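*Asks:* Annotations per TrEMBL:
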ACT_SITE  C2  active site, nucleophile
DOMAIN    2-224  domain 'Glutamine amidotransferase type-2'
DOMAIN    282-423  domain 'SIS'
DOMAIN    457-598  domain 'SIS'
ACT_SITE  K603  active site, for Fru-6P isomerization activity
Amino acid sequence: MCGIIGYTGGSQVLPKLFCGLESLEYRGYDSAGIAFYDTKAGMLCLKEKGRVSEIRTLAAGYERDMGRKIDAHCGIGHTRWATHGKPSDLNSHPHCTSDVSLVHNGIIENYAALREELSRRGYRFLSETDTEAAANLIDYYYKQTEDPISAIRAAIREIRGSYAFGILFHDRPSMIYAVRKDSPLILASGEDGNYIASDIPAILKYTDQYYRLEEGEIATVSPALITVYRDGGASFTPEYEKITWSVDAAEKEGFPHFMLKEIHEEPRAVRDTLSSVLSSDIEAFFAENEFDTINIVACGTAMHAGLIGKFMTEKLARIPVNVYIASEFRYQDPILGSRDLVILISQSGETADTIAALRLAKERGAHTLAVVNVIGSTVAREADRMILTLAGPEISVASTKAYSSQITVMYVISIKLAELRGRLSPGEANALLEELGSKVPAAIEEVIGQKEKIRLLAGEFLQCPSVFFIGRGLDCLLASEGSLKLKEITYIHSEAYAAGEMKHGTISLITDGTPVIALATDKKLFEKTLSNIKEVKTRGAKVILVCPDADHADPSVCDFRIGLPALNESYAPFTAIAALQLLAYYTAVLRGCDVDRPRNLAKSVTVE
Ligand code: F6R
């Protein structure tokens, strides 16, 4: 949620801020702003409701008016996903006081009390944001102490909630200060200066050396030096880690959108993730531990991947698995102890509800296993164990290759557990894994090869107010993910239903021309699903059938067909989801939607 970039060094700061912010726009994009120290004019702040491109225009206008180029070497920038206060110029970050400019990711929970107290001390508030309270509080303590570190330390003692702050003190024109709690922030060291950022893509073009700031650490960033201060006084120069992503991986490589590029990367993501999980010690972990319960906790698409994990583990290993929506986990007061396992699935590893669930599971003594895509993320670091999905950076807000990678891990866990329980022989387990590594990626490629046909089909949805996805068994779980993908990027209302459940109420919504996407990948369930398809078809539904051998499907049951390659039925989610993602993608494109940055959403949901 929201993106932060800061740079101080020998180069001009504006290109660095714009470039960093543009690569972070997937984290939030309803407003943007920058604050920087211009060598002639002093501290300047440009911010506005809208995209980063509009701040570029603002800066160009400023230069035109002044009849000169901005000359600045130190600054901070922010791209916002509004939480407190609607997207507006005034609510945009940075928030600037007389002495301090500040950008913030996260939520300050006690902002109302802080505002009240600061108002009593004479501060005037210009915005509706929680962030302005932090800027004023730090300003207040800076005026008392004249020392940035002491001011930040005093302020964070009073602030409750989550934050990553990038701060400029106006009388220290080449310094950036940073601190974080429950919201990620990295420091990075480059040849021509140093950086702060909320995420790696922002600095990837400039350096591959970074340090993940720990909770409560305060950093001072000068052109030549980064110093980190721990509570209690000790300070040190961080030891940097090397970023292993390539710049190309974080760029579109000729695709019109990240989403399309990321769907094309699914075969590779599945292969790489399979190697990652097979080379982990997961088998030994399960062999050494007998669990009373296995629980999977996640949000959104990651939770849908968890549902596949439950289905397959129960099917192959005959072990019951619970799946929880992370934001509901704590309210269910889960019964957990030292003989229980909680698996957290998260692409970003920074989803606030998933982190809260992880902490609750640990508090109750459960074993925790993270399935994450970002090494060094909060979930990755705090869980007892980690399996890394190797999807690579996922930039488009709609998750695609991360889902394929997450279900890859789910399949391996289910196969390994089944083998350990003697429900699969080593030969059978190996055959399944072999198929996952070779046939599945090839089958996904085949589906992607049908993208032109799927693009033409997408035209069928353009004017529809509502779409239904139906299926049985695994297809019912896939329907939920297909429906989520469609609604989040096309803004068409859609619902996923167990095919047999429609007639218990929802079928009343089927009228002439209502699109129903029927998933029928399991031969054993085909006849029954077919009956349900006929039920909606006779009520006027326009049916799009997604199944293997679609060419042989009775033409009277469907209006359109998407054929899936022949594959072990258990692996159908890999191919069917690629088809549904492409359908959602092309529908969004045809409707003129901002595919990679759908409205009201952000890539990483770091607020509860
Ligand atoms: C949907 C989507 C979201 C995420 C969810 C969890 O396309 O991307 O539903 O899956 O916000 O995010 P992570 O996996 O980062 O915890």
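Note: Cβ is positioned from N, Cα and C throughout, glycine not excepted.
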*Asks:* Whole-number Å distance between the CA of C2 (active site, nucleophile) and the CA of the residue listed as 'active site, for Fru-6P isomerization activity'?
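*Replies:* That comes out at 9 Å between the alpha carbons.
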*Asks:* Could you tell me how many residues in the domain 'SIS' (282-423) are helical, how many are strand and how many are coil under DSSP?
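*Replies:* So the domain 'SIS' (282-423) is made up of 69 helix, 28 strand, 45 coil.
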*Asks:* Output the one of C2, K603 that, of all these active-site residues, has the highest number of other Cβ atoms within 10 Å of its Cβ.
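*Replies:* That would be C2, with the highest Cβ count within 10 Å.
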*Asks:* List the helix, strand and coil residue totals of the domain 'SIS' (457-598) as derived from DSSP.
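*Replies:* Per-class counts: 75 helix, 29 strand, 38 coil.
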